[in-house]
Amino acid sequence: MKELKHVNKYFLKYKWHLIVGLFITIAARVFAILTPRFIGESTNAIEKYVNGEIVSEAAVRSELMTNILLILGATLIAAFFTFLMRQTFIVVSRHIEYDLKNEIFRKYEDLSLNFYKQNRTGDLMNRISEDVSKVRMYLGPAIMYSVQTGVLFIVVIPYMFSQAPELTMYTIAPLPILSFAIYKLSVAINKRSTIVQQYLSKLNTFTQESFSGISVIKSYGLEPQMNTSFTELSNDNKAKNIDLVKVQAFFFPLMVLLIGASNILVIFVGGRKFIMGEIDNLGIIVEFLLYVNMLTWPVATVGWVTSIVQQAEASQKRINEFLKEVPSIQNPSLEPENVEGSITFKNVSFTYEDTNITALKNVSFEVESGETLAIIGKTGSGKSTILELIGRLYDVDEGVIAIDGKDIRKMNLNELRDGIGYVPQDAFLFSDSIKNNIRFGKAEASDKEIMEAAKVAAVHKNIVGFSKGYDTILGERGITLSGGQKQRVSIARAIIHDPKVLLFDDSLSAVDTETEEEILNNLFKISKDKTTIIVSHRISSVKNADKIIILEGGEIVQRGTHQELLGQDGYYKELYLKQLSEKEM
Ligand SMILES: Nc1ncnc2c1ncn2[C@@H]1O[C@H](COP(=O)(O)OP(=O)(O)OP(=O)(O)O)[C@@H](O)[C@H]1O
């Protein structure tokens, strides 16, 4: 139960609901146990009439009628309280499930990129859905049935002992066996359910990937192989489900067997005692038979609940592992920050932890506020890494990155990121309308502002060409848009944010040179008071920048303006001549 201590704070939060639930459960059980007593009394009345102790048929009838009405009343009240019991305990468990999911999600959002690289998305998803569901079983059904069983035992067993102590001993003797057997069975069921779950997620992942990659599958004619793989996975899934059903099938027969054993014991022992005159009336035997049946399910739940708690403990352990993670990127300050935008890299070196690749070596440069810096270089030379480091997606290993002369590791992280508009290489769009995708950069943006940003990004004309215009819904990863359109919507999102620093990571690679020129001209107009860094492979994108740096293997090998670099032998001039000849062809 060590790991489950984490959810105790939620029990405290909902303590009043739980206390009310406890009283409701007591009321429900108290009324439920009245029924066997009235049935027992009715049996006694009939017995007395048969034995001639009561002679008036009308008196028996009236007693039976009263008992029937009392049974009806007690049952209705017990049913009502049972309904309220579920409403409190199960509803509280749903509230806690909601709180816990939010807590985990907030934690996920806080964690740095490194965490996401070390853990698979499926694992993150499982902990927030599957594991939380298992913990909810502990928070709801397990607690509810435990309270119910506890109350029932406290109320019923002493009453049974007061009526017939020896018979009570015989009656409850098989119950621990039932509890243990159900526990063993539940453990087996849970084990097999987990396996079924794993196979189901394999099947889901496979199906999802097949749909996402349907164009590759079709163009390579891979349908038969995919069908075979799906059938194999499906077969495994079916086999695991059958394994589970085999164990589950034991559950009710086992219960019936043990209830039957208890009933036989009551009739056998009770009958003998009645014959020997140790029990005064038959009503007690009838009452005991009803109690046995009433106790069986709660006793069975002791075993079931134990296995639920074990599973919840294991799940909470997995959840706690993530909740205890400390984000590698910390926010050191909550002070307001006024980002003006001058950026300095001083002897910056950086190695990716997971791959051990040194992406930047001793990189130094300066960009003043309002200037444009272009970074060019071969693939894998470290261009994107520079942009990621500015937004503190990672922290530098050596050297300093400063904005307005202040080490970014000492700045308010939220304000730092708020001052940056970053257009990543892989333009990610959400499955939402184009309008909302752009609005992501500024939540309160008006439709007019959205349109203005789209115009600067030269995508407005494309958008109004769609029948639903800005309300066009984008599919998964924006599949209804072309690569160039996606890039431009992503640029509009950064522009509407109106940051002091604009970072474009190869963001114009999928647009034609004419559109590229239009966007660059527009950007030039709006970025007079902004610092812009453009990463590109095209000379046309970088030629007008105030400064250009050329990266190779993580090091700056050349720097200067377009004209200066054309005057030097090196990568820049080679690229320029190559791209010029391609244009002329
Ligand atoms: N997230 C990452 N984790 C581990 N290694 C990475 C990661 N991102 C980049 N690298 C490695 O760091 C080096 C620099 O990568 P980076 O993406 O900065 O290059 P780039 O110049 O932007 O390349 P491209 O022009 O292809 O986008 C590469 O060798 C790359 O494999």
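Keep in mind that glycine also has a Cβ here, set from the backbone N, Cα and C atoms.
Among the features that TrEMBL reports, transmembrane segment is placed at 16-34, 64-85, 142-161, 167-185, 249-268, 288-309. What TrEMBL records for 19-311 is domain 'ABC transmembrane type-1'. The domain 'ABC transporter' annotation in TrEMBL covers 343-578.
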Query raised in the report: Against which stretches of its own chain does the transmembrane segment (167-185) lie, if we need a Cβ under 8 Å and a gap of at least six residues from its ends?
Result: 157, 160-161, 247, 250-251, 254-255, 258, 261-262, 265-266, 269-270, 273, 279, 284, 288, 291-292, 295-296, 299-304, 306-307
Query raised in the report: Looking only at residues six or more beyond either end of the transmembrane segment (142-161), which have a C-beta under 8 A from one in the stretch?
Result: 18, 21-22, 25-26, 28-30, 32-33, 85-86, 89-90, 93, 167-168, 171-172, 288, 291, 294-295, 298-299, 301-302, 304-305, 308-309, 312
Requested in this report: Residue list, the transmembrane segment (16-34) vs rest of chain: Cβ under 8 Å, 6 or more residues beyond ends.
Outcome: 70-71, 74-75, 77-78, 81-82, 84-85, 88-89, 91-92, 143-144, 147-148, 151-152, 155-156, 159, 291, 294
Query raised in the report: Per-residue pLDDT averaged over the domain 'ABC transporter' (343-578) comes to what?
Result: 90
